[in-house]
Amino acid sequence: MSIIINGKKTANDLCEELSKKIDILKKEYNVFPCLKVILVGSNPASQVYVRNKQRKAESIGISSETIVLPDSISEDELIEKVNTLNEDSSVHGILVQLPLPKHISASRIINTVSVEKDVDGFHDENVGRLVKGEKNCLIPCTPKGSLHLIKSVENNLSGKNAVIIGRSNIVGKPMFHLLLQENCTVTILHSQSRDLADYCSKADIVVAAVGKPNFVQPDWIKKGAIVIDVGINSINIGNQSKLVGDVDFEGVKEKVKAITPVPGGVGPMTIAFLMINTLVAACLQKGVDPSDFIA
């Protein structure tokens, strides 16, 4: 019988444990983790994401504030705001919510955030540390959360064939390096790839992050595979909208060893690992070994 991986419960369990660690950090080390989120403009989806992040942070003892800026702000003004937070020693994590307005370079803003406070893990230096397999670096939250879900089903991934569909800097590429570090044989598929079904049919692990509803078909997936669906797409059925992933969940779920649902799979894990990254960042900035708090 297939396992429907409950990302919401796993994330809640992680955050419950994290809350206890934060209490210890405050009482024994006098470290009070603080996360600042910058939201530029009034994108409704971004507002929801930011609100969820702030609520979760506050619920586990992380001080959190959302700084809302107009979408007319210039790139230089935004950089100045980020630098103010960089210089504030009471702030341990800085997150600039993406996407940004078209007149602002996301790459430039991401790389303005201090490496030590880059809780998204998007800074070029943190990307390099991930590629090199360094310990205690800040790793993008969605891939890290996805790996945790995979290992909750199959702890030893050595020698497994893994396929990632999607090559974004946020999910696909960091996921590649995380699975490589687990000694998987990893293939990335993308919009120019041929024979996607053939590659997927040989995979023990499939991570779908392509942003196309129900893109991955049942006959692509081999029996007993682990499928992680990172996609979140809104489709209209009749007069109602429904959230679905990149995988044909109903068609795939009966043949796999395990699969994440949408919603309730990877999404909550992204927020949980943002909280973990904030704790790691606070520890590193205050000279505390994060491994004392994070397994």
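Every residue gets a Cβ built from N, Cα and C, even glycine.
The NADP(+) binding site annotation in Swiss-Prot covers Gly166, Arg167, Ser168, Ser191, Ile232 and is backed by sequence analysis.
Feature annotations (Swiss-Prot) mapped to structure.
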{"residue": "Gly166", "record": "NADP(+) binding site", "Cβ contacts under 8 Å, 6 or more apart": "Gly172, Ile188, Leu189, His190, Val207, Ala208, Ala209, Val210, Gly211, Val230"}
{"residue": "Arg167", "record": "NADP(+) binding site", "Cβ contacts under 8 Å, 6 or more apart": "Lys173, Ile188, His190"}
{"residue": "Ser168", "record": "NADP(+) binding site", "Cβ contacts under 8 Å, 6 or more apart": "Ala209"}
{"residue": "Ser191", "record": "NADP(+) binding site", "Cβ contacts under 8 Å, 6 or more apart": "none"}
{"residue": "Ile232", "record": "NADP(+) binding site", "Cβ contacts under 8 Å, 6 or more apart": "Leu243, Gly245, Val262, Pro263, Gly267"}
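Once the Cα atoms of Gly166, Arg167, Ser168, Ser191, Ile232, the listed binders of NADP(+), are compared pairwise, the greatest separation found is 18 Å.
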